[in-house]
Amino acid sequence: MVGITMVTALTAKTVKNDNTVQINKSKFFFSITINIFMTNFKYFLKYTTIMSENNFPDYITFPRTFEKYRWYKPILVLIIGTIVFLALQALLLVIFSAAYGSDSINALLLQGYESLNSEVGSYIGYLSVAIFLPSLYVATKIVRDRPFSSYSSSRGGWNWKLFFKSLTIPLAVYLIFEIMNTLIHGQKGPNTLTLTFFVICLIIVPLQCIGEEYIMRGLVMQTFGSWFKIPVLAIVLQSIVFTSLHPYSILGVIGVFMQGICLGFLTWRSNGLEAACALHSVNNLISAYFVALGFEVSSSVITPYDFASTIIVSVISTLALYYVGTKKGWFEEKTEKLW
């Protein structure tokens, strides 16, 4: 997870052993996280109770506006999509096994998030999620309950201009915190970054994030929203599903849940996936590059420091992007074509 610099001088105490120092740091990170969350919680509630000021349909309940909508059709999409996904997943593993050997690939698959510390492991990890996108597309075309673009937004489809503009705010936030963290903590591992890895990740990591957003904030959140007609409930439920797919330690699970809430909120208030996809892409790209540079280490076990940093950076990025996007009218632009 992406690190964040804390001013350790605030916790400076005279201690006589490493255990006491670690406890003091953990308490500090938890207290900072809680303070940041509570400070912004009222802001979050304020905007979750305000209806959209534009004329776009509510994104979360958008599927109900289509004539062919039936409550059970999202389940059919999920079943067919899963079958397509498993077939593509098998094909992906066959290709990588042929290229790198089945034994080495099997060993990588058993490493969990630690596999993202290697180049090949990163490729497999990102591509295995990116195939969510074609899987959902095929399933949607088979079930034919609504246009595929209705997963993109309730503004008429995917807006590339909005996506690229939405990259700027979280990119600035994540880079500032990550660079400061690097200056404080220094190198954690060897520098393995290559031009090939940089370029490939620049392509497949956003695809991975977009694929995951189409499933989680698209299919899953819209399904719950269409069933229960309560957007806030749909945001919470999709975040629970999102969290269940990330096998971290307990602090990591809580962190992922909060990230899911942030991404769900951003999708809801922007009436589309572009902003959430941008935020998600920045998070994963910065993580991939800084792991390759040796400034971060990917792990399934999350420390209190990583937990606090995840919450703080996610909340700041979400609120900043939502504030700027709303003020600048980024979320008001309509995409004409439904495809």
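The backbone N, Cα and C atoms fix where each Cβ goes, and this holds for glycine too.
Feature annotations, reproduced from TrEMBL:
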- 28-45: transmembrane segment (TRANSMEM)
- 75-100: transmembrane segment (TRANSMEM)
- 120-139: transmembrane segment (TRANSMEM)
- 160-180: transmembrane segment (TRANSMEM)
- 192-211: transmembrane segment (TRANSMEM)
- 196-286: domain 'CAAX prenyl protease 2/Lysostaphin resistance protein A-like' (DOMAIN)
- 223-242: transmembrane segment (TRANSMEM)
- 248-268: transmembrane segment (TRANSMEM)
- 275-295: transmembrane segment (TRANSMEM)
- 307-324: transmembrane segment (TRANSMEM)
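Contact between the transmembrane segment (160-180) and the transmembrane segment (307-324) is supported: at least 3 Cβ pairs lie under 8 Å, counting only residues 6 or more apart in sequence. Counted over residue pairs separated by six or more positions, the transmembrane segment (192-211) shares fewer than 3 Cβ pairs under 8 angstroms with the transmembrane segment (248-268), which leaves the two as not touching. Here the transmembrane segment (248-268) does not lie next to the transmembrane segment (75-100) in space: the count of CB pairs under 8 Å, restricted to residues six or more apart, is fewer than 3.
Sequence-distant contacts of the transmembrane segment (75-100), counting only residues of its own chain at least 6 positions beyond either end whose CB sits under 8 Å from a CB of the stretch, comprise 120, 123-124, 127-128, 131-132, 134-136, 138-140, 142-143, 145, 215, 219, 223.
When Cβ-Cβ distances below 8 Å are used as the criterion, the transmembrane segment (223-242) is approached by residues 48, 58, 60-64, 69, 71, 74, 78, 216-217, 256-257, 259-261, 263-265, 268 of the same chain, each at least six residues removed from its ends. Broken down with DSSP, the domain 'CAAX prenyl protease 2/Lysostaphin resistance protein A-like' (196-286) shows 81 helix, 1 strand, 9 coil.
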